[in-house]
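In TrEMBL this protein carries:
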- 42: L-glutamate binding site (BINDING)
- 101, 152, 176, 199, 241, 242: pyridoxal 5'-phosphate binding site (BINDING)
- 5-357: domain 'Aminotransferase class V' (DOMAIN)
- 200: N6-(pyridoxal phosphate)lysine (MOD_RES)
Ligand SMILES: *Cc1c(COP(=O)(O)O)cnc(C)c1O
């Protein structure tokens, strides 16, 4: 049985091997007589799952030892509050607004930070470009600078992380990498904190991953809930409260799958980066040479993960989606705020899925031109 290709923006496709392993271990994990969902988070079985997931992620993403890896709950939206509760220290927070997600982050942070300052915005271009870091108006004495490094809805992605130090800014950079975590390497020398919900590229909804530099811990505002105080979470190895055990287990299986991926001599996340670049290029190249479809994002900031596109004749949208579904291509409808279509090409999407999408798009265009 061939499963359809699932282009959902999130919760999104999970590698089939991961789902099969989870299914096989559902009733009895490694002879323990228990499924993972039924285990104490403090028992030796689950501790071994947690420790392997943590060390595999550290290895895959080359996370330096001065960073803590936290497994939390609440998703990206909760982090929009948790980050300022932990990092804002009563000072201004700078925001780089590049699409819907960073807009939401700024709005939420304004509840907790003394002041939020928009250092740069792509709004004038309807979020089809990323403001050049050289033009950012960073505040003196900001507690941190927030950026969303892949805007899932507008389809813009930083191809390189900004170097704040080179811009004369000492504040740490906090990134929302929910929708491209583990799709490419991260230059940790430029980052103070990174957060992401798992349901795009790592596993099921309900798990939130936070990678935070040690020196940023211990400064939470008094009102910060203990379960969301990064220092409390770090000091308790993510077990101050019951962590999302199932999410950690599935993410751990995904990390093992990632470690096995190869492209030429590259392995792991480096292999994923090559594969993701090739997948995205294939689809953008097809869209750009077609006069039936269009993507409006500037070429140098196009996302490899989320590719919004439009039919030039939008009256055919429903027919396009129905035909796609009948061809085994699922969840291509664009976000309601942008409209049109969106193909999300996360790690679990193979090149064959992208080729099948392009073949369908070509055929649909020929039939309706
Ligand atoms: C999906 C997403 C979120 C929101 O995550 P929730 O788990 O729904 O809170 C935040 N930021 C980005 C960039 C996302 O893609």
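Yeah, the Cβs are placed from backbone N, Cα and C, and that goes for glycine too.
Distribution of TrEMBL features across the structure.
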| residue | record | DSSP class |
| --- | --- | --- |
| 42 | L-glutamate binding site | coil |
| 101 | pyridoxal 5'-phosphate binding site | helix |
| 152 | pyridoxal 5'-phosphate binding site | coil |
| 176 | pyridoxal 5'-phosphate binding site | strand |
| 199 | pyridoxal 5'-phosphate binding site | coil |
| 241 | pyridoxal 5'-phosphate binding site | coil |
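Highlighted here are the binding-site residues (42, 152, 176, 241) whose C-beta falls below 6 Å from ligand 1: 152, 176, in sequence order. The maximal spread of the pyridoxal 5'-phosphate binding site, taken as the longest Cα to Cα distance among 101, 152, 176, 199, 241, 242, is 30 Å.
Per Cα geometry, 241 is the residue among the recorded positions 152, 200, 241 nearest to the residue listed as 'L-glutamate binding site'. Between the listed binding-site residues, namely 152, 199, 241, 242, the fewest other CB atoms within 10 angstroms of a CB are found at 242.
Cβ neighbour counts within 10 Å, taken over all protein chains shown, single out 200 as the most crowded of the recorded positions 42, 200.
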